[in-house]
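Pulled from TrEMBL:
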- Gly6, Leu7, Ser8, Gly9, Gly10, Val11, Asp12, Ser13, Met32, Gly131: ATP binding site (BINDING)
- Cys105: active site, nucleophile (ACT_SITE)
- His132: site 'Interaction with tRNA' (SITE)
- 216-272: domain 'tRNA-specific 2-thiouridylase MnmA-like central' (DOMAIN)
- 280-355: domain 'tRNA-specific 2-thiouridylase MnmA-like C-terminal' (DOMAIN)
- Gln339: site 'Interaction with tRNA' (SITE)
Amino acid sequence: MKILIGLSGGVDSAVAAYLLKKQGYEVIGTTMSIWDGSLPAMKTKDNDSCLGPENENIETAHKIADFLKIPLYITDCREEYKKVVLENFRNEYKEGHTPNPCIRCNAYIKFGILPATVRKTGLNFDKFATGHYANIGFDSSTNMYQLHKAADLNKDQTYFLYRLTQKTLSETIFPLGVYTKEQVRNIAKKIGLPAAEKPDSQDFYCGDYNDILQFPANPGNIVDKNGRVLGKHNGIWNYTIGKRKGLGLLGGTKDPLYVINISAKQNIVTIGTKKDLYSSSLTAEKISWCSIPPPKKTIEVTAKIRRQHKAEKVFIIPQEDSSVKVEFAQPQMSVTAGQSIVFYKGDTVLGGGVIH
Ligand SMILES: Nc1ncnc2c1ncn2[C@@H]1O[C@H](COP(=O)(O)OP(=O)(O)OP(=O)(O)O)[C@@H](O)[C@H]1O
């Protein structure tokens, strides 16, 4: 079997490639290029984000490929990344939402355009692999592939993968799903991999998001729940639900204040106390059911409303228009439009959607 692996120049994908080779597969590497140099380059050296100058990563990917004796192809995904990920990023912030670009990148670029572009060059392969921490299984009772959490729950990346389709799951391998990060680092050190000491990538972009957004200032009011003006903002995209610091309010207040609502239509940021941040339900759209057929009636599952959230008990109530209403068993803090809610049953990712 021939496997194409996405080699980022980091330790995870390098070890994943090593493990595949060790299992006897024919492995070929590809590094996707998404950086077109139009944004200010980051100043900090240790910040290894996805979107940033790539030369060093490509150089390391070449070193890794040479070390593992596998061919490496650099794949230009810059145009598509700009159209699919960065444009959406801008549109979402314009709407006062807080998007999650990694989820979109995975669904459309990393597991879509990247392998498809390699195939178009005439290079054939049977499966596509990455160094993500996740597992894929198959449920013979439903005949469906299943996305499962990684063995290393601290590194589990399934939150970012819920938009993968059945077809993609059927063609994908996650060699690191059964390992802990510590084991992966130890393998890298033991075999002397060039990327062994590289830090994990932290964020998708390490600079100021305004570099990407580039919106002209659009001043408006910061108000309390009663509409009383407490301050001014320069653009709603500088705020996210739950933000507490740097609100630039006029007078000192007794209780700590947080952003509780952002209205693009009214160009208003609303501030409230911690208890105003709690919601008992939400609506999610653009639903992707990655491991099960779309449920027709209410189901009880657990759900995360952001990557670091502890999965909580919820009831999913399917709506006519294919969106879902989600009711929390316990009210949850900082439900944020643009972020994804991801549904789990045990360690299986059922699917997810974008919070409205
Ligand atoms: N530029 C890229 N080209 C090809 N594949 C990539 C690229 N960036 C990430 N990937 C793939 O996606 C996986 C998960 O990426 P993520 O950004 O989460 O990095 P990571 O966990 O730090 O992994 P790594 O140590 O391999 O960089 C990587 O292991 C790799 O297989």
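Here the Cβ of each residue, glycine as well, is placed from N, Cα and C on the backbone.
Automatic, uncurated: that is what TrEMBL annotation is.
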State the mean pLDDT for the domain 'tRNA-specific 2-thiouridylase MnmA-like central' (216-272). 90
By Cα-Cα distance, the member of recorded positions Cys105, His132, Gln339 nearest Met32 (ATP binding site): Cys105
Determine, to the nearest whole angstrom, how far the Cα atom of Cys105 (active site, nucleophile) is from the Cα atom of Gln339 (site 'Interaction with tRNA'). 14
Hey, what's the widest CA-to-CA gap across Gly6, Leu7, Ser8, Gly9, Gly10, Val11, Asp12, Ser13, Met32, Gly131, the ATP contacts in the record, in Å? 16
Starting from each candidate's C-beta and looking 10 angstroms out, tell me which of the binding-site residues Gly6, Gly10 has the most other C-beta atoms. Gly6
Tally every other Cβ atom lying within 10 Å of the Cβ atom of Gln339 (site 'Interaction with tRNA'). 25
Give the number of CB atoms, excluding that of Cys105 (active site, nucleophile) itself, located within 10 Å of its CB. 26
DSSP says His132 (site 'Interaction with tRNA'), in three-state terms, is coil
Could you say whether, by DSSP, Ser8 (ATP binding site) belongs to a helix, a strand or a coil region? coil
Looking at Cβ-Cβ distances, which residues of the chain lie under 8 angstroms from Asp12 (ATP binding site) while being 6 or more apart from it? Gly131, His132, Tyr133, Leu176, Val184, Asp200
Measuring Cα to Cα, how far is Ser8 (ATP binding site) from Gln339 (site 'Interaction with tRNA') in Å? 25
